[in-house]
Amino acid sequence: MKNLLHHIKYPEDLRKLNLDELPKLAKELREFIIDIVATKEGHLGASLGVVELTIALHYLFDTPNDILVWDVGHQAYGHKILTGRKDIFHTNRQFGGIAGFPAIKESAFDAFGVGHSSTSISAVLGMAIASNLKGERDKHHIAVIGDASIASGMAFEALNHAGVSKANILIILNDNAIGIDPSVGALKEYLTKVKTDKRLAVQNNIIKALNFDYSGPIDGHDLPKLINELNRLKTIKGPKFLHVITKKGKGLQKAEEDQVTYHSPGKFDKISGERIIKNEEGFTKYQDVFGKTIVELARENKDIVAITPAMLTGSSLKYMLQEYPNRTFDVGIAEQHAVTLAAGFATQGLVPFCAIYSTFLQRAYDQVIHDVALQNLPVIFCIDRAGLVGEDGATHHGVFDIAYLRAIPNLIIVSPRNEIELRNILYTAQLGLENPIAIRYPRGYGKIKEWNTPFQKIEIGKGEQLKEGNSLAILSVGTLSNLVSEAIQLATNSDEIAHFDMRFVKPLDEQLLHKILKKYKRIITVEDGTVKGGFGSAILEFISEHKYKNEVELLGVPDEFIEHGSMKDLLKKVSLDLNGLSSFIQKKRH
Ligand SMILES: Cc1ncc(C[n+]2csc(CCOP(=O)(O)OP(=O)(O)O)c2C)c(N)n1
Ligand SMILES: CC(=O)[C@@H](O)[C@H](O)COP(=O)(O)O
Ligand SMILES: [Mg+2]
């Protein structure tokens, strides 16, 4: 029997198929995704869940003239494969390869760049209103958004606007009842009820109440039903909403059974689905150092509460939830709410740990300033995935936090060098600080096996000298300091080089800095965030303020968006790998 997928490069090829051939194509597309993600890794479950929807949309609509935006975009592998990227799909998320999320510059079919959730309705609405203004009345504008993503503030704001806009948009809610972790909240409860009680969908429908033409819920794996309904919706003008029920991980048994793990499972056996787990030789992920330490602290300190905006597993707050369900709050994809909720807790004497990935905290910048720092509330921000994150790429690198947080008065910013320091600063923070604190740590594994040491208090604003030397001083922050230590060892005459782990980006260790700047004419700063406005900039400001005349070179992430790739490739690209650092230090030695 002929392979249908083999003959499809673009949707125009897909549109030549008969309707009854589409289920076979769906099977082939699933196998293709599984085949490649099994060895190349990536977001599996979400893409498997929307195979039929992807085929139906490209079959019926005139993409890319009709606009299709995938929310988050982690479910768009099928879309990429059917829109000219089948032959390069094996490069997905790899250095120099295609991105793991839709990106405007990659394809005309990627109508909008995504990666952070809940942007699709706003973007599509903007496009639809633009079409109206341009007189393009027959164009379709479609957003596909998941049940976790639609519960976010941005999506609600867009629905509120779209409902009175008369714009020709179709919002497809891909409801699989799970985000990365099971979906939460009142909206999730409503969606669950609508699925079982059809009367609710008719009589008490919150989407209809917002002026949308609502249809559903329908089975998103039933191609004939999907095609019928989408065909009907094509003829209706104005804001429309289709509620589709799918299963995350559909087609791979293991992925259906363990949807959390198979959101992004790493390598796995494509037949059995069994994961191929990397042996990390007893090392621990930073997220787990955080997740396990907070439980230890919470046992002693009953005021501790923990908050995550939809990253229960990713942040390892799942451990806290297991032991203290009443003191752990997964608020869904709601970074802004998470921060202000933490502020509210702090006003009442609780000790809130607000765990947010660096890249997602960008969403809650005003809340950090207005609700936390301005009122000097001692919220403890645990900023995970700080620095480059690898294959997720430009949308997810946590490289801006030092620069965007450093400008905020009252906020302490600390970048621990290793697991033990992370643990100790978590301990210190809950003892009772007078300020909010941002504790930033990276994605992935640490290097210390025995990190579970007795707690020690860290003095706020104190750096540490790691190595003596007379001619050049290197000032670093964060886990990159370990690589700097190795790089110094590689330099000839490493004896001349002094190394300081400044630890705190704010407040800077002024006493130590005065000593350094008086002794060393030449300084190098090293950080895993943007050079512009980062830790190095803070040192330059200090030098200028105190009228020192030192020569300073800043090393960090350059002023450009860094694409996706392995950490090894990316660190090499920005010269923050061992080679890059050591040759830089070598050059500056004289
Ligand atoms: C602003 C933001 N916060 C958190 C995330 C992390 N994240 C990526 S996918 C996802 C869950 C999305 O769930 P849903 O919208 O239901 O889509 P599904 O994975 O079920 O297809 C989350 C929380 C993100 N991408 N953006
Ligand atoms: C799509 C998305 O935003 C998340 O799935 C993200 O990729 C998770 O990142 P980690 O793998 O670092 O938890
Ligand atoms: Mg979902």
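Just so it is clear, glycine is given a Cβ too, placed from its N, Cα and C backbone atoms.
TrEMBL: automatically predicted annotations, no manual curation.
According to TrEMBL, His74, Gly115, His116, Ser117, Ala148, Ser149, Glu335 bind thiamine diphosphate; the candidate from Asn132, Asn160, Asn168, Asn176 that the record adds to this site is Asn176. Neighbour list (Glu335 (thiamine diphosphate binding site), Cβ cut-off 8 Å, at least 6 residues apart, same chain): Pro309, Ile356, Phe360, Leu361, Arg363, Ala364, Gln367. Checking the binding-site residues His116, Asp147, Asn176 for a CB within less than 6 Å of any atom of ligand 2 leaves no residue at all.
Whole-number maximum of the Cα to Cα distances across the thiamine diphosphate-binding residues His74, Gly115, His116, Ser117, Ala148, Ser149, Asn176, Glu335: 22 angstrom. Note on Ser117 (thiamine diphosphate binding site): other Cβ atoms within 10 Å of its Cβ, all shown chains, come to 26. Non-local neighbourhood of Asp147 (Mg(2+) binding site): Leu173, Asn174, Asp175, Asn176, Ala177, Ile178, Gly179, Ser183, Leu187, Lys188, Leu191, each in the same chain, at least six residues away, with C-beta under 8 Å from its C-beta.
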